[in-house]
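Listed features, source TrEMBL:
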type	residues	note
DOMAIN	24-82	domain 'Acetyl-coenzyme A synthetase N-terminal'
DOMAIN	84-468	domain 'AMP-dependent synthetase/ligase'
BINDING	Arg192, Gly193, Gly194, Arg195, Thr313, Ser525, Arg586	CoA binding site
BINDING	Gly389, Glu390, Pro391, Asp413, Thr414, Trp415, Trp416, Gln417, Thr418, Asp502, Arg517, Arg528	ATP binding site
DOMAIN	533-611	domain 'AMP-binding enzyme C-terminal'
BINDING	Val539, His541, Val544	Mg(2+) binding site
MOD_RES	Lys611	N6-acetyllysine
Amino acid sequence: MSDHKVYPVSAEWAASAWADEAKYNEMYAESVNNPDKFWGEQARATIDWIKPFHQVKNTSFEPGNVSIKWFEDGTLNVAANCLDRHLATRGDQTAIIWEGDDPSSDEHISYRDLYERVGKFANALKAQGVKKGDVATLYMPMIPEAAVAMLACARIGAVHSIVFGGFSPDALGVRVEESGSSIIITSDEGRRGGRRVPLKKNVDAAIAGMDNPASVKSVVVVKCTGGDVAWDTDRDHWYHELVAGQSVDCPAEEMGAEDPLFILYTSGSTGKPKGLEHTTGGYIVYAAMTHKYVFDYKDGDVYWCTADVGWVTGHSYIVYGPLANGGTTVMFEGVPTYPDASRFGRVIEKHKVNQFYTAPTAIRALMQKGDDVLGDSDLSSLKLLGSVGEPINPEAWNWYNDIMGKGECPVVDTWWQTETGGIMIVPLPGATAAKPGSASRPFFGVQPALVDNEGNLIEGSGDGNLVILDGWPAIARSCWGDPARYEETYFSTFKGMYFTGDGARRDDDGYYWITGRVDDVINVSGHRMGTAEVESSLVAHAAVAEAAVVGYPHAIKGQGIYVYVTLQAGVEATDELRKALVGHVRTDIGPIASPDLIQWAPGLPKTRSGKIMRRILRKIAANEHDQLGDTSTLADPAVVDDLVANRMNR
Ligand code: ATP
Ligand code: MG
């Protein structure tokens, strides 16, 4: 790849950050050599326990005996850790800055106010018959009540299962059924980019489509837009009516460290979604600690993660991590392009955001609009930038660093998964020199490794399947109701190791470069290639806005390289350009990576969280578009028809 630039840690960052390189090395060594001592101390320092734990780590990745327990004899409550314990010192401090879809609407919610709202809603849930261990589905827009509902569940020991508000009624219905949830919390409508999303209507349709609609006993509806909704008087309740008259005092349930906190279905890039179960103690310790070290969060900072609470990023890094740390977290209802593409800049300026955390897809969308896309917004409050969700191609990394960060903010590329609960591989801002495109080094307690297809460990630099050798506190404990699937999916491919499903390369400095999902790896004439590398090269070409690469059956090479390219606005799709792109990849990576077929794609099939669904692109390239599988989580199903119609013939 063309970009090998290294961005060293500045002296200023090394001196001021929670961890510099020496501290990182020392803490990391302790975390893997002496995990009981390390995590015991961290857990006591980070979290308030009701009953102290005596046992720290008790994990086994052995086939047939996968068992993961942390702090198992300790008890605690996550909501009390996020709220109650801060009241004495920071009751009036802003916990959540809510920024509405409409730029003129925002709200500052103090810790005391949030505590009271959570207490009232927790009591309202109890009055609805929700008990410890029950599952509550949340299908909500990005409004404060979403965070309130999460914390209210945690307060009474109910298990929340958030389904992203952009999902269809079918996708919602399946998740409600699979989780065994008898209550759904939603709103009349949501707002996104000036439009309204009919959430209550979708809930009604989801329930109607279920095998047993009567299993949903209660639907709680937040009045958000005031739009018209159908009403079932036996089942539906207005949120504001339920909380009216409830006391703010609701005792926090004493939870075992291994009691479930939430279920979350993965974003569905690869197939049938899995309901990952996260538990209480290990999760909150890890979420809080990663939030502190990765974003170098300090008292008084204003931190903004642009994710939706429907994704794990929203769980760990909008709500639980920041609030456990007593931080101020921005919750954004809107989209980056509304009212126009300068919105991110405007919000950063308005709330004087210090740490900003978003996804490569958002960065590329802005980048496409030119360097002045953020208008004249004052970005001088920014101290650090983060990226998550996909490999960030060096082109986008550079733009993020130069244009948004003005070359002065460390960029932290965070690799992790719904399954991992928190950030796993990342350059800590005061400790690790950044290389654009590399997630770099493991966080404390994380032992990544590469193995070949037979499961043999690869030493030194090389390419392989990314595995994790031992447990860390926030790893998911199970697939909800299906522990066998959990063991099968993550622990059976390579015995005794957690398999991430991703491929990676490790360079001479021990840095990890995620090459994409292993299922997406292409094998051209015996050479294995990650899709990320080829895509990254294409996006570095001035004409290309976005690219997706898949393999297709090729008589001679085994697999050929099929490329879908979205051009920059105004660029003409010509055969000359096709040739130029092939030549560009050839010189950049090598002849082996030369694309065989390039299809112009006005849009790419993406999940609602912005990830390209290569599974679908593979089917189209192979002319098997009658077997696309589950497309219910696609953001815009119409792009598929266009791609099928314009498939390249060989
Ligand atoms: P499903 O498992 O249902 O296919 P998903 O894997 O997209 O969905 P998530 O858990 O949200 O669901 O995403 C985790 C995946 O996202 C990782 O396995 C990896 O492929 C990718 N990813 C996340 N962050 C990064 C990053 N910083 N660099 C490279 N890849 C990343
Ligand atoms: Mg996954």
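Note that Cβ sites are derived from N, Cα and C of the backbone, with glycine treated the same way.
Just so you know, TrEMBL annotations never went through curation; they're auto-generated.
Where TrEMBL records a feature, it is marked here on the structure.
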| residue | record | Cβ within 10 Å |
| --- | --- | --- |
| Gly193 | CoA binding site | 14 |
| Arg195 | CoA binding site | 11 |
| Thr313 | CoA binding site | 25 |
| Gly389 | ATP binding site | 21 |
| Thr414 | ATP binding site | 24 |
| Trp416 | ATP binding site | 25 |
| Arg517 | ATP binding site | 19 |
| Ser525 | CoA binding site | 11 |
| His541 | Mg(2+) binding site | 19 |
| Val544 | Mg(2+) binding site | 22 |
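Cβ packing within 10 Å was compared across the binding-site residues Gly194, Pro391, and the lowest neighbour count falls to Gly194. In the structure shown, across all protein chains, Lys611 is the one of the recorded positions Arg192, Arg586, Lys611 with the greatest number of other Cβ atoms within 10 Å. As a summary of secondary structure, the domain 'AMP-binding enzyme C-terminal' (533-611) carries 24 helix, 27 strand, 28 coil according to DSSP.
Less than 6 Å separates the Cβ from ligand 1 in the case of none of the binding-site residues Arg192, Arg195, Thr313, Ser525, His541, Val544.
All chains included, 20 other C-beta atoms sit within 10 angstroms of the C-beta of Val539 (Mg(2+) binding site). Of the candidate recorded positions, Gly194, Thr313, Val539, Arg586, Lys611, the one lying closest to Pro391 (ATP binding site) when CA atoms are compared is Lys611. Neighbours of Thr418 (ATP binding site), defined as other CB atoms within 10 A of its CB across all chains, total 20. Here the domain 'Acetyl-coenzyme A synthetase N-terminal' (24-82) has, by DSSP, the following mix of helix, strand and coil residues: 27 helix, 11 strand, 21 coil. Ranking the binding-site residues Gly194, Gly389, Thr414, Thr418, His541 by the distance of their Cα atoms from the Cα of Lys611 (N6-acetyllysine) places Gly389 first. Checked against Gly389 (ATP binding site), the binding-site residues Gly193, Thr313, His541 differ in C-alpha distance, with Thr313 being the nearest. Compute the center of the Cβ atoms of Val539, His541, Val544, which mark the site for Mg(2+); besides them, the chain residues with Cβ within 8 Å of that center are Glu395, Ser537, Leu538, Ala540, Ala542, Ala543, Ala545, Glu546, Ala547, Val565, Leu581, His584.
Reported as a whole number, the C-alpha separation between Arg586 (CoA binding site) and His541 (Mg(2+) binding site) equals 12 Å.
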